[in-house]
Each structure stands twice: as structure tokens, then as C-alpha cells.
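First the structure, in the form of C-alpha cells, and then the observations on it.
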Amino acid sequence: MSGRSCKGPFKILVLPGDGIGPEIIKEAVKVLKALGEKKGITFNFQYGLIGGAAIDERGVPLPEETVELGKQCDAILLGAVGGPKWDNLPPEIRPELGGLLKIRKVFDLYANLRPVMFFPELKNASPLKPDIIEGVDILMVRELTGGLYFGEKKRFTTEQGEQAVIDTLIYTEKEVERVVRLGFELAQKRRGKLTLVDKANVLESSRFWREITGEIKKEYPDVELSYMYVDNCAMQLIRNPRQFDVIVTENMFGDILTDEGSVLAGSIGLLPSASLNGKFGLYEPIHGSAPDIAGQNKANPLATILSAGMMLRYSLDCPEEALLIEKAVKAVLQKGYRTGDILEPGTTLVTCEEMGDLVAEEILGGVYDEGLPL
């Protein structure tokens, strides 16, 4: 593409985290280095602590030096956080709340992007019939820093002496507008369809979302907008997932629907995610730290590798290079290589490290037609 520059140097903050995090992040960095060698891109990797690893070494799940490093970088690549070792700590200093949720808030990463992709090579791994799942390509956009999860929470005793609880759901116009606008922009670059998922028949906050979305729609006449209640959406994702292109929703609904969507692909070991604030983003696999297989070279690094691909696309403005990573992953799967979580009869079992090697080798040696679709 003429006039396009994807040479860097790009500064990437790498946060291996806990459990299988260090193993899978190592393979993603390996693939990025191979891409750099192939395409002449300079990556400068900085390493920091987060989660349980940070608690063990610094006493807090998100050290200030990690935040400062992030402010100097173009993007953050994260492995995974958490594990039973830290489950008995107070919630605010556990790896998840004090590390992952806090870094999202510190960098105001307001939009979570999760692609739901169909891999023909894994059609038997999905719980849905192949004729339902075939061709599915959904991008879920979840608001990430507002709503119930971040509102005031309290317990109290009523005048009648009964225990009661309040969780507060608050959204500002700005919080809604920025994530909805991102959804429209993404839909423009895809198939031109946006579905706002809510509960507007019950919730005032959902009616607020609809009003703002309807106004923004006027700026995007080329995007088809539809509305769907969250309960119906949960059903439609199973009955007819191909109807969706871009789904936009608030924090809690998005939390549930993105997990449901992750099952469609057949393995959460394949699904990446991005949490964005404009061009800056944090990229991570959607799966957890899997402490039961940590250190055994069994983990599937493909979701982390594909997260690095998303980083190239959304933060570094390198869409062609992102596509190269995605094609390399697809080529490795087509050749029958599998980690244990997606192993099928007739396929070849490889370790975490070997899978990273295979994708890196595919990037360095693979020959791709630029017009070849994924």
C-alpha cells in the first residue's frame, strides 16, 4: 500500500503475568520478532510485572513502574493473571481486580474488542453444528470502564431491620458515545452492520444508550443499525450467529455475551482480545492463567499470537502485517498441528514452544497471495 509505513520503531510493554502467561507471551514475542525480520520492522520490547507475579516481587498487583513503562509504550501485550495462590487476598489487591481491572482504568481502556472467528480446521471442536457455525465472523465491542462493575456498591440495613444491597449502574453521555462511535467505525470497515444489544424494555440506562446510538447513526448512513434485547441476543448467537457483524453493548451484558461467543469457535485457546483507548491498547488472550498446566509447555499460544496481530492492526496501523500473522496461524492449523486443547484424531500434537516455532517459520518462509482471503 503506497504511503503506508509500518517500520517502527515500536515500543511494546510485555507483561507475562501468571500461570501459563510467561510461556504464551514468549511465543507471541517470537512471532513478532520473526515478522520484524521478514518485513524490516523494529520492535523494542520492555518487560514489566502485573498480577500475582507483581504481588510476589513488589507486594502490589500493579506496580507504579509498570504504569510508567506503559505510558512510554505504543501498546501493551499481556499474558494472563491470577491463580489460586492469591485467591485469599483482599479483593482490591488480588491479581484480577488490583492488576487487570486497575490497568484498564489507569489507561482508560474503555472499549474491549473480541473477534469470534470460525476456523474450518476446527469445525468439529465447536459445540454447534458445522452448518450453523460455518462462516461466522463477529466483532464484539464491549464498554469496559463504566456500568455496574464500577458503580458505587454498598450493603445496608433497612428501617425494618432487613439486610439489603445496592449496586449502582452509571453511564455518562461521553462514555456511551465513544464506544458506540468506535462500533460504527469498525462496522464501516467490515460488512456495514451494527447491532446494539441492551434491555431497553426494562432499563433506563439502555434507553439512554439507544438515544445516543440513534443520534450517532446519522453520521454513518452506510452502516445498517439494529437493536436487540440481550436475552434474545444470547439465543440468536446459538441459533443463527451468522446474522451478526459488529455487536456493541454495555459492560455487564458484554462480559456475558463475549464469553458465550468464545465458545462458538471451539477453543478459547484461539481467541484474542483488545482493550482500547483510541490507538493505545492492551492486548491479551481471553483465556485465564491455567495454573494446572503452567510450566509444562502444554499451553496453546495461538490466542496470544493472534492478540499480537490485533495489536498490529489497531495500535500500530499495520493491517497487512496483522493479516500475515493470521494467515500463518491458519496455515499451521491447515497442516494439522495442534496443542492438546484442540487435538483431534489425525492431527499432530505439538508443545506450546513448537507451535510458536511453526507460526514463526510460516511467517519467515510462507508464500502468500496478497489477495488470499482468510
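Note that Cβ sites are derived from N, Cα and C of the backbone, with glycine treated the same way.
Of the residues ARG142, ARG191, ARG207, Swiss-Prot places ARG142 in the same substrate site as ARG104, ARG114, ASP231. Under the three-state DSSP scheme, ARG114 (substrate binding site) falls in the strand class. Around LYS199 (site 'Important for catalysis'), a 10 Å sphere centred on its CB holds 16 further CB atoms from the protein chains shown. Checked against LYS298 (NAD(+) binding site), the recorded positions ARG114, LYS199, ASP255 differ in C-alpha distance, with ARG114 being the nearest. In sequence order, VAL230, ALA234, MET252, PHE253, GLY254, ILE256, LEU257, THR258, GLU260 are the residues of the same chain, not among ASP231, ASP255, ASP259, whose CB sits within 8 A of the CB centroid for the Mg(2+) site. When Cβ neighbours within 10 Å are tallied across all protein chains shown, the highest count among the binding-site residues GLY83, PRO95 belongs to PRO95. The Cβ neighbour count for ALA290 (NAD(+) binding site), using a 10 Å radius and every protein chain shown, is 22. Residues ARG104, ARG114, ARG142, ASP231 are recorded as binding substrate; their most distant pair of Cα atoms lies 27 Å apart.
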